[in-house]
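The domain 'Neutral/alkaline non-lysosomal ceramidase N-terminal' feature in TrEMBL is assigned to 43-613. According to TrEMBL, the feature Zn(2+) binding site maps to HIS134, HIS243, GLU544, TYR584. The active site, nucleophile annotation in TrEMBL covers SER356. Annotated domain 'Neutral/alkaline non-lysosomal ceramidase C-terminal' per TrEMBL: 615-778, in sequence order.
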Amino acid sequence: MEFNTFCHLNIWRVCTKMRIWTVLLLLLLLKSDVIVVYCGSGYLVGLGSYDITGPAADVNLMGYAKIEQVASGIHLRLRARAFIVAASKGNRVVFVNLDACMGSQIVTTKVIERLKARYGEMYTEKNVAISGTHTHAGPGGYLQYFLYIITSYGFVRQSFDVIVDGIEKSIIQAHENLRPGSVFVDEGELLDAGVNRSPSAYLNNPASERSKYKYDVDKEMTLLKFVDDERGPVGSFSWFATHPTSMGRRNSLISGDNKGAAARFMEDWFEEKDSGRMDSDVVGNDGLPQRISNIIPGLRDNHHELLELAFSFQSPPGRPVTKSSSVTRRVRGAPRNVDKPRFVAGFCQSNSGDVSPNVLGAFCVDTGLPCDFNHSTCGGRNEFCYGLGPSYPDEFESTRIIGERQFRKAADLFNAAAEEIEGEVDFRHAYIDFSKLEVTISDQGVDKVVKTCPAAMGFAFAAGTTDGPGSFDFKQGDDKGSHFWKLVRNLVKTISKKQIDCQHPKPILLDTGEMNIPYDWAPSILPIQILRVGQFVILCVPGEISTMAGRRLRDAVKTVLSSHKDFEKVHVVIAALSNAYSQYATTYEEYQVQRYEGASTLYGPHTLNAYIQEFKKLAKALISGEPVETGPLPPDLLDKQVSLLPPVVVDGTPFGVNFGDVYSDVPQNSTFTSGDIVTVSFWSACPRNDLLTEGTFALVEILQGKDTWVPAYDDDDFCLRFKWSRRFKLSPMSKATMEWRIPQGVTPGVYRISHFGAAKGLFGSINHFTGSSSAFVVLI
């Protein structure tokens with residue numbers, strides 16, 4: 001007898017609201033071969049996912065602000081993942097998780113414009129949240145404020161368009177997938193995926209407050225599990241605080257970093273679990289999932305026979321193909337079950353402002369000694385102080401480890417989730433001018449009014465962090481600033497005494513809130529937002545927030561909500577980097593220390609108190625059912641954007657060579673095993689010509705039968721890397737290199753590696769092509 005339950009993964013679960021006669025009826029049906037239990041909650045649930053991978057060449061990677069860190073290939077594709085929960089006769093909310101450095105005001109604005117054009121007032125800025133994971137390995141140039149696009153040579157329309165398109169399409173998918181369903185929640189500790197990178201600032205918080213917490217970072221992961229009443233589980237979204245900075249500032253491959261890896265692992269895990277093949281055939285020795293597409297029945301196990309077969313497939317010349325060829329050949333195309341969409345797993349960001357995934361701690365790479373505790377320097381300079389990942393110096397392996405740890409915890413919570421979300425769906429949203437907001441605070445029991453300041457960045461901002469050190473002689477914990485850099489600063493803009501006093505003790509390096517040439521350098525007006533699904537509440541913060549700052553914000557909102565009977569047991573999570581970007585928010589005490597996070601807290605020492613005050617207003621409106629004022633609208637600066645990134649002029653190959661021809665092949669009669677690296681290079685063209693959205697630049701194929709090649713791995717797999725390079729700077733000739741690190745548990749057989757691309761002709765035409773390597777043998 002097979003017993004399937006779509007309300008929960010346990011063997012047996014009966015909905016708490018079922019009447020006694022329903023339970024008795026189910027017991028009578030135990031003689032049946034299959035029992036399916038449906039559990040309705042009054043919600044409609046839908047999930048969607050779409051490719052947002054930007055230009056894999058020439059464009060600066062957003063996060064470390066290093067102008068020389070330019071994309072040159074793909075490690076993992078980036079995606080927008082969305083869920084919609086709608087009350088069957090009422091409100092609905094949308095949450096989008098982006099494999100991107102942060103949310104962007106202009107991206108949010110244009111997505112909402114498209115949604116309104118399609119759906120009217122069903123989806124607006126009030127009930128749609130767009131949150132970035134904070135990967136530092138995604139193409140930049142998609143924010144509208146000048147400071148954030150300097151290193152990308154201005155606005156990059158291609159980066160912007162693919163993100164807006166992908167968000168819109170993920171929401172459309174989620175909307176079209178809306179069906180009756182349920183939502184469950186669970187929480188649990190994940191202890192080994194983050195450490196505090198600014199402990200000296202954290203220690204400046206009151207001892208009485210610190211004593212309430214076991215750790216100096218939040219170790220709690222919270223997960224929502226989405227279940228279709230008929231189809232069963234369709235996705236999960238989890239919130240956990242750690243920076244996606246496992247990939248360092250020298251990396252040049254596009255990647256979702258540890259959170260993108262976790263999402264890929266979990267989505268593959270569930271697809272295999274759901275297929276009923278979650279056994280040794282589909283789980284590698286490293287415990288990570290191996291896809292069903294690789295499990296080809298009837299493979300030959302005779303090595304000599306495999307070699308003969310492989311020898312018959314020599315590398316063919318590159319050839320033209322259609323634009324859609326790479327889409328149809330990718331591994332994760334249409335779902336195997338046409339009646340059920342692919343599982344979607346979002347790994348979302350929380351209060352990670354001071355949390356690093358480099359869990360071995362910060363050390364001086366020149367001496368091996370620990371960095372200075374207060375300033376994160378080595379011999380007085382910051383350049384050699386680095387946080388070390390769990391597999392230092394291999395950043396890819398560190399990314400895998402931290403991603404796998406998040407995936408495993410999420411899978412545990414997914415399997416155990418038993419608390420059902422019940423209650424209303426609601427939301428509140430407001431725009432707030434943070435440059436001059438009056439904030440009421442308590443000073444030794446007496447209320448007083450203070451104000452936030454126009455945005456400004458301190459000297460310690462230029463020092464960077466242990467995840468990505470800065471340059472020159474800047475250092476963290478600097479509340480004075482050097483005379484030399486003050487002279488340089490004053491050449492750009494002289495700071496008023498009022499601003500200096502307002503931002504004290506921050507020594508101002510860049511007065512971004514009062515700089516507007518060629519247009520605004522930093523935001524003043526920010527969106528804040530609360531989404532509610534039953535007893536689950538999401539606080540959408542338009543920036544990064546430190547551990548203790550996040551705790552204070554959550555507790556303040558919980559206190560307001562707990563006064564209402566519907567919130568006797570409430571789960572409150574912070575979704576950082578949502579809808580816009582305004583850098584950091586630390587506690588008042590952390591701000592005094594002026595480490596990187598405090599120096600990047602734009603609106604002065606009372607920034608956190610401003611957030612708490614305004615979120616409490618939204619929470620009160622939420623429980624009272626009252627509306628809130630919209631507030632002043634942020635500017636739309638799209639028409640003012642400057643772009644200095646040169647276009648692709650033309651691609652070329654040597655005389656007699658086709659695009660897609662093999663540049664460097666595998667050796668003849670090659671045999672590889674798990675752990676080996678197979679490398680093949682092709683004559684290629686600039687990846688900016690076509691992003692191959694929902695397609696792939698790289699493909700590993702396995703031979704089925706005599707002449708059928710089946711996709712096995714593509715450039716959205718952790719084990720396959722696509723690298724692109726020009727022969728020399730400004731050369732029209734380029735090559736693409738595929739590196740396949742053969743995973744544990746790989747299916748033995750005959751393989752080849754293929755490449756897809758698009759070349760730009762002399763008169764601007766785009767011509768798609770493909771090429772394949774000679775075949776080779778892989779054994780266990």
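Glycine is no exception: its Cβ is also placed from the backbone N, Cα and C atoms.
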Taking the domain 'Neutral/alkaline non-lysosomal ceramidase N-terminal' (43-613) alone, what is its mean pLDDT?
-> 94
C-alpha of SER356 (active site, nucleophile) to C-alpha of TYR584 (Zn(2+) binding site): distance in Å?
-> 15
Cβ contacts within 10 Å for HIS243 (Zn(2+) binding site), all chains included, total 29
Other residues, Cβ within 8 Å of HIS134, HIS243, GLU544, TYR584 Cβ centroid (Zn(2+) site) = GLN349, SER352, GLY353, GLY543, ILE545, ALA576, LEU577
